[in-house]
Structure formats: structure tokens, C-alpha cells
């Protein structure tokens, strides 16, 4: 199928959601120092606030996964952004740690629709020859949002005691733009065919691609009939791979990103703002490089290689107290670049692991498990840094990366040319 204007609508509507997701997850890292001062939070509350949105993602993905296959992709994508916008405003008005934790949990639950339904939706519309790049672009959206949140957040928090409120409130702006874009999205024709609704699927194709002769070709099992099949062979092996590689990526990513200022201080980097800008700039470069890499490397090579390189770089960072500050920043930047490029596979590889009638639940379970790991990691990181020190804490993150490389080497299937 030729590349049409509608493809770009789906690309920006789904990637825009990822931008919002990255932005709201990134703002809390910049806002935490102001929140801690304003609300006089203990280490436990700081860990709870930092991990709250990830906890919401975990709970949301468990619910949204089956709903995506039962109710369709479009319905969830349209509903979540208005809720996201309202909650972005609510979190900025909170006056206690408990209120902020609850608001962030609800925000995280809203994000689940983008992680599950967004990836499934785009994978089912993207031309096969461009599927990898389209899905990798979602991670560029996420990284751009995460990086901009950290950079803007640092400047917001410099302006008075309520700068952290402005930082949290600002996530409502991109949410409004994406909400408007999603009003023009139709339902996925592949999902309609999975529900044995070929006439509706054909109507969607005729409306989206009026200049092309695009026809529906087959109907498959209803998505709500056999969703438990994701736990049967061969899908349970693929589910295990999806969970394992996702957890191994995001635990180091969120642990380090959420508490970046504290890590820089512990590692002897005095100018934490410059360090943060360098880190986030490399995040953007890494996610952008995935557009070039994703179709030039096999999925297995990309997975195993990125885990191995990231583990080696983070090991160097763990010994940063023996290195010049410039070398520490370089290692941190290269680590961010490598892991950011690899996170494109969360959007590319996960949907490719499952058939259309199991895609929502498979992606949902894998995402939920990854966020559960992130919740635990983000909650305990400030405690671990205080108890065992920064080098050993980073060493634990290295172990996750090494485990991810081993898992993928043993069991990850190659999916690059599979038909979705």
C-alpha cells in the first residue's frame, strides 16, 4: 500500500499520546525536589510519588489489555486523553503527598490505553515495509516528551516555590492537542475483521484510502473468545520473552531517569542541570537513531546487542567516583543513547509477538509486568542509595540488563518479517 496522508494522522495521533506519556512521567523527576520541600515528604513518600504513575500503569494495563481486544482500539484511544487532561490539572492542585500519589496513580491508569491500544492500532495500519519505523517513531514521541519534561521542568522549578505546580500542570497542553487529533481516528479494520465485521472494515478502508483499491481478505477468531490462549504454547513463551525484555529495559531506565539529580549529586557531578540536559539530549538522539537501526538489524540482534552495550556502559558509570566528571557524563550519555534506541523495540517487537486476537491482552500483560517492576525499582531506589550506596545500586540495574541479554539470546523469536 502506498504511503498516504491518513498514515501520518495515525502516526501523530498515537505518537502524540506517547509524547504525553513521556512528558507526564518525566515531569515528576524535575518536580520532586519542589514537592519534597513544599510537602515535607519522607523518603518513603518520595518513592511513592515517583512510582505512583507506574503503579497506575500496571493496574491500567491489566484492565485495558482485554478491553482493547473486546471493545476495539479507537474507543479507548478517544476516552483516555480527556481524562488525562483533567488529571494533569488535578495533580498540580494537590496539597498533600497522599493526594498527589492518588492523582498520579489515576494518570498512570490513563496512560495504559496508549501503551496497549496505541501500539496495536498503529501496527495494524502501518504499511508492512514501514512498520518498524512507524512503531519506532512512537518511542521518539515518548523520548521527546520525557526529555522536554525534564528540561522544561528544571526551568519551571527555578521560578518560585510553586514552580513544581507549573511543571505538573504543563502536561495538560500536549494532551489537549492529541485529544483533538484522535477525534478523526476510525476503528482498526483488522480488529473489525477479527470480530467478523467485514462490511465495516471495508467501509473504513474505503474512507481512509479512497484513491486505492484496498480490500479486506479474511476473518479470524473473535478476540473475546480465546484470550486465555496467550498462556498456552507457543504464545506463553512469547509472552515470557515480552515480559522479560520489557522489565529488563524499563527498570534501569525509570530508576535512573526519575532520580537523575540525586544520582548526579552522588556521583560527584556538581552541575546537575547541565548533566540533565546532556542525559536527555542523548535520550532523544538514541530514540531517533532507532528509525535508522530498526529495519537494518534483526530484532534479535538489536535486543541482545543493546542489552550488552548498555550493561557495559552502566558498569562504567557505577565506578564514576574514580573517573573525571566529563567521563562520567560521557558514559551516562552513551548509556542513555543505547537504552533509548533499544526502547523502540517495546513498540515494535511486542505487537509482532502476538496475533491480532491476542495482541491487546499480550501487550497489556507485558506492559503491566514491566510497570510493576518499575514501581518496585523506583520505590526502593532512594532507599537502596542511602543503605548500600550508589555504585552497588547501579550494579543491581546492570544485573537486569545482563539478564535481559541472556533471556533474549535463549528464547527471543525473530519477528521482523511476520505478517500482522
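Every residue gets a Cβ built from N, Cα and C, even glycine.
Residues 163-185 are the range that TrEMBL records as transmembrane segment, among 2-24, 163-185. Tertiary proximity for the transmembrane segment (76-94) is limited to same-chain residues at least six positions away from its ends with a CB under 8 Å from its CB atoms, namely 13-14, 17, 20, 24, 64, 67-68, 100, 103-104, 106-107, 110-114, 116-118, 121, 165-166, 168-169, 171-172, 175-176, 178-179, 182-183, 185. Contacts between the transmembrane segment (134-157) and the transmembrane segment (391-412): absent, as fewer than 3 C-beta pairs lie under 8 angstroms at sequence separation of six or more.
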